[in-house]
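Enquirer: Submitted below is the structure of interest, expressed as structure tokens.
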Amino acid sequence: MDDDARDSRTFQVAGHGVALSPVPPAPIRSSRSSRTKHTDSAAARTGDDRFTLRDFAIWCGTPILIVLLVRIFLVGFYEIPSRSMMDTFVPGDRVMTSKIFNLQRGDVVVFKDPNNWLNEEQSNAIGGGFLIKRLIGMPGDVIECKGAGQPITINGVEIDESSYIRPGVEPSAFPFSVTVTEGHVFVMGDNRSNSADSRYHQNDNDHGLVPIDDVVGTGLAIYWPINHIGLLASHHDVFKDVPDASSGSAS
């Protein structure tokens, strides 16, 4: 075959005709498409990061929220600054309280300052204007003492307070007689000679009594320092023989 008759796209290689295959043109990369893909990838990564941070916040925030809710609605934590509840507490003890139990005689209670008691006993404030005492009388109870050397009586029944009152301290160095009004409780410190409690405030608006609505918790345990850690005894048994008050419910 004449060379001129051959297809112009054929040339001789070792005596053989080889057809040239056209080289396909290189694809033109769209810079806009590349930028779009890069942007989409970055957006996806950003979305993943946002989800991860949100997930992290949920995992960290949920326990904190639970602790805050428990702190607000169920338990409280207080530091003892004074000697008015010795030897049950000493200054520096930290106490956990609960808001879920019904009040009973013998409970250690934390309460809001009812009628400016702290003006006379500033050192007994346990953070934010609260005080801590032992609940002795419930609504309707008649609390009495005939003076130094005499026991406390509730509704005519003597109680033996030796399990919690500070050794060597009398139940009361002076006589008193108080009838607990509805919606109130009567409180005393375990260190009676160093406690400005219900006995000392009988001329205030509540006659030395603490409104039940002002009680923020009952003592559960000492949680600090380590050598004082332990549950608090309620001493409810001290009052087991006290009859119900004639004019109220003394549960």
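One is the number of the first residue shown, and numbering goes on along the chain from there.
Including glycine, each Cβ sits where the backbone N, Cα and C put it.
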Enquirer: Of 16-44, 103-131, which range does TrEMBL call region 'Disordered'?
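Expert: Feature region 'Disordered' in TrEMBL: residues 16-44.
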Enquirer: Using DSSP with the three-state reduction, classify Ser84 (active site) as helix, strand or coil.
Expert: coil
Enquirer: Determine, to the nearest whole angstrom, how far the Cα atom of Ser84 (active site) is from the Cα atom of Lys133 (active site).
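Expert: Answer for this pair: 8 Å between alpha carbons.
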Enquirer: Please compute the mean pLDDT of the model over the domain 'Peptidase S26' (55-224).
Expert: 91
Enquirer: Should Lys133 (active site) be counted as helix, strand, or coil on the basis of DSSP?
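Expert: Strand, per DSSP.
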Enquirer: Quick one: give me the count of other CB atoms within 10 A of the CB of Ser84 (active site).
Expert: 26
